Amino acid sequence: MTVTDDYLANNVDYASGFKGPLPMPPSKHIAIVACMDARLDVYRMLGIKEGEAHVIRNAGCVVTDDVIRSLAISQRLLGTREIILLHHTDCGMLTFTDDDFKRAIQDETGIRPTWSPESYPDAVEDVRQSLRRIEVNPFVTKHTSLRGFVFDVATGKLNEVTP
């Protein structure tokens, strides 16, 4: 059996008690951008219930064009008005450089990626960079609150980053 098979079995239990359908717009009108790290249980750490928030995840909580696309849809079509960014301590993005990563892929495949992994040496500074990317973006302008945090994987606490 695979892990996917285990998860499918879990879904049977989940579906048996499912209370749907929920409205499409998130009830708390908030979008959260977070790192994909498996140690971050965004729903539990913030006490989010189903249907309350959009949660957008990628490697490093990097504000990429695709994150901007998702935030623009979240705001303009589904009414979100707050944005939270969630980086964390001990992030894998702190452990390599873009050039080394791209070179390793090229050595293995013969093709150098055209995209950037956007690694960074400092999570706090990257939160600031991410906040600035959103602040200056002409497509993501409908928010009344934009805040960034670093989650401490050792303590479970969120530390707010000042811009």
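Numbering starts at 1 and runs along the chain as it is shown here.
The backbone N, Cα and C atoms fix where each Cβ goes, glycine too.
Record features, source Swiss-Prot:
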- CYS35, ASP37, HIS88, CYS91: Zn(2+) binding site (BINDING)
- THR2: N-acetylthreonine (MOD_RES)
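Look at the recorded positions THR2, CYS35, ASP37, HIS88, CYS91 and count other Cβ atoms within 10 Å of each Cβ; THR2 has the fewest. In sequence order, ALA34, MET36, ARG39, LEU40, GLY60, CYS61, LEU86, HIS87, THR89, ASP90, GLY92, MET93, ALA123, PHE151, VAL153 are the residues of the same chain, not among CYS35, ASP37, HIS88, CYS91, whose CB sits within 8 A of the CB centroid for the Zn(2+) site.
Comparing Cα positions, THR2 (N-acetylthreonine) lies closest to ASP37 out of the binding-site residues CYS35, ASP37, HIS88, CYS91. The DSSP secondary structure for CYS35 (Zn(2+) binding site) is strand. Following the DSSP three-state reduction, the secondary structure of CYS91 (Zn(2+) binding site) is coil.
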